[in-house]
């Protein structure tokens, strides 16, 4: 089977940038024009053909890297590590960047050898170190490395130089008699005028924190790589005004050299550090990582005796976190009295830290605040093994109106406004109100009784202390930061850590547990495991040898579809820096496996063009060759097109955003990394986007793989990475067939419609036209199905209907039987059933619901939302179990799979987090912001999923006969809940039991109805699934396009009706082209597409059949 489709892609030839086939791109070959033959050396072939162009850049990089690697090896007898390999490629591509990496991977070594490399090539280098001693050490190492490189002149300056040495330095420095200049951060500050006049090919800053202490140093560094002061001042001025720095002339901005800086330990402050982003395309990064290998243990008995027992069990390498200095002193005294050697952050900490570092102290004791000395300030991967918390770190907030913080005021007032529409219209944007004005408004409109109820309602997952008028919220970020000291990346290994929490309060512990699970997906274990865990922690540190950095690490680029998804992933991976590549933002993260660069393609990059062949498909010797061009979008009118045009074909604007720029940026990054992983959506469209990117990147990086993320969580990410694969070419071919069929039939039918109706907004397609026919047929059936009914309401509130116009004042009820019935749960949602339920419940258009689902998926709240499956995996079942355990309802668990193993699951929550908890997490800024409607849709999904994994509730049903002289009707009514089950999530309506007696009719209403209901958006999608027309990914789009073309409208009851235009269009199409828009033909075509997906049918033979069909349409013209 061919590993390519034979399609032709514009801009994809690695040499000329012209059209190339995906077949040749897969092989890493330029197009046939550049290289007519496939055999032999590519570079030689291009030279012989006199066609060498862009390929030379790629070839040069590979050659230069081989030379650099040999040079590197010659200096330290080791090849570059994965980190150093990645940095070297960036260096060779003349890029400026931040070195973001853990301790022990050779950042300084890389800087020194890079300096020698540049110097050997005739360039000038400045190396900047934070202290004089480090300058001397670096100079010494450089001299050692350069013994065989006699032509490299190394000049360094320290304050300890003797007078003659200083005079010699000054002469050589002023005259530029050096290849490598080694200086301190202080030298940068003092010699600004001189350094600003010099231009270096490379400036390497070993400790950027020291340089950033003075903002003037930033100007100096930028001057040193050839950026003019005018460009710096203009960029700074634009930053202050919020303007675009791209307006500055390119020649003024363009650096002549490269700037490489080490990562910062603290976030750079002020506006000046933003110059690096604006002028060099990178932000000063900090080494942060989400990589954690921590086991959490809760100990409920909170006594000093128990604490001492645990400390003696752990022995050494302990951080003890306490809530206050006062309590800390009491604990420290007790431990010292019992022989524990410890230091305290509030008492000669620097001395204690050094003693702890060298091993003469077992334990350091400090206060657990987010910026505490022990929480953030230390990094000793081999020394710190255990974190012990004396109580849960938490925030306490007053609930008294006069003292309540803003978030409580805002949350409660927002809720109050929901039930007061007029007031809500007045208070449109609470964000604009000052806190005091907000407080006064709350006091004015909300009574103390209502306020207390709102507190209880809106903060259900916090600990509420009614006596002290406080709510207590766990400080989960401090807990994560502090416990994270125990598990660090050192070199290329991740140490094991143990976090032990002493907490008596069950409710507070559960609150922390839920938040920790949401953010880190970590679980808790029992106290009995501690001894085993201690051994594990020791073993991971013993395994870390001094040459652990020799283990090869990979640099990888991961490409997702949307920036939102990229942002979500970067949060749980914890991005260390952000870099701009053209129009792409790239987040850089450090994981245990190496460096990850995360970016987004922003959807499809290629689509069929229209001009070549038959609507973008060339027919050559019986084969169909699609031509794909980059998607262009007009910035003025928003129109999309693919043809190579200098102006928008719709509004004539020359402001065109071409996705070719994204492709070029992705190829550029691919040259830097070891591997590329494509993580587009797990469906046919995602596969095609992945394929388009893959074939474009393959010429510069053959290591391209595909992953499917069915949930955007750390668990989903790790699982996907473990199951990497190649792109599925059958899925790609299936999408090609769908797109060509849509283009051929859709274009031809649309052109005929537009010509006949003189309306360029009209369109047609198999599925949309078939569905339009259903709506029209349903209207006809509906109009013929009128009947009269009377609705009665009895004096016990029960309602029922009877056919005909009937006028009675009382009825008699006879109880036929009473019986128990177990009510089975509904299956979890798939796309059609969820669209139906959400549309009915919230009265939203299905397209809007799909957008809400897309957001919930991309932000990591639900599984993939385009699915026909109702299957629940073992992971999903564990989520249900975990939540029921948390709320004390585990006896109601009844795990169900609901379907066979397949590519997708049902739509379900990805974590055991209730809608109420999620609302709390949003308020606490733990979770990304969601609108109230997003929460409602999530609640619908959560409740249906939980119900699907629970026991069936048992009800007592009464079968009753309601009769009168003119009618009798039978009804079955639940009158008692015998056993609870899934009803705790989806309540069951239970009626008051009937008695055998006469009931009065308290109201009656006679009206005309129809036995055949019109379609709603929800029922139409149900029908599409039932009749196998369309797919989960297209249901909502089909309905949406019928609205956009003004073929259908919704009446006041949200029912679908055809417009006069819709009826005329369908009449025209059905009279002339019924064979192409009838249901059976459309269904058979869906089956053909599926057979291409599975590899049963060759996509070329299917295209041939479609082409023959199209010819019939063309003949009918």
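In case you wondered, yes, glycine gets a Cβ from its N, Cα and C as well.
The zinc finger annotation in Swiss-Prot covers 3-42 (among others), and the record cites sequence analysis as its basis. Confidence across the zinc finger (3-42), taken as the mean pLDDT and rounded to a whole number, stands at 95.
A 10 Å cutoff on Cβ-Cβ distances gives residue 102 (ATP binding site) a total of 23 other Cβ atoms nearby, all chains included. Feature annotation from Swiss-Prot assigns ATP binding site to 84, 101, 102, 103, 104, 105, 106, 107, 108; the stated evidence is sequence analysis.
The motif 'DEAD box' annotation in Swiss-Prot covers 206-209.
The domain 'Toprim' feature in Swiss-Prot is assigned to 555-712.
Summarising the annotation, Swiss-Prot assigns zinc finger to 631-658 (among others) and lists sequence analysis as the type of evidence. With a cut-off of 8 Å between Cβ atoms, the residues of this chain six or more beyond the zinc finger (631-658) that come close are 10, 604-611, 616.
DSSP classifies residue 864 (active site, O-(5'-phospho-DNA)-tyrosine intermediate) as coil under the three-state reduction. Residue 864 (active site, O-(5'-phospho-DNA)-tyrosine intermediate) is surrounded by 25 other CB atoms, counting those within 10 A of its CB over all protein chains shown. Annotation source Swiss-Prot lists active site, O-(5'-phospho-DNA)-tyrosine intermediate at 864.
Between the CA atoms of residue 102 (ATP binding site) and residue 864 (active site, O-(5'-phospho-DNA)-tyrosine intermediate) there is a gap of 34 Å, rounded to the nearest whole number.
Take the Cα of residue 864 (active site, O-(5'-phospho-DNA)-tyrosine intermediate) and measure to each of the binding-site residues 84, 104, 106, 108: the nearest one is 84. According to DSSP, the motif 'DEAD box' (206-209) comprises 2 helix, 0 strand, 2 coil.
Sorting the zinc finger (3-42) by DSSP state (H, G, I as helix; E, B as strand; all else coil) yields 6 helix, 4 strand, 30 coil. Sequence-distant neighbours of residue 108 (ATP binding site) (same chain, six or more apart, CB under 8 Å from its CB) are 138, 206, listed in sequence order. Across the binding-site residues listed here (84, 104, 106), the residue whose Cβ sits among the most other Cβ atoms within 10 Å is 84.
In the three-state DSSP scheme, residue 108 (ATP binding site) is classed as helix. Among 84, 101, 102, 103, 104, 105, 106, 107, 108, the residues given in the record as binding ATP, the maximal Cα to Cα distance rounds to 13 Å. Taken residue by residue, the zinc finger (631-658) breaks down under DSSP into 0 helix, 8 strand, 20 coil.
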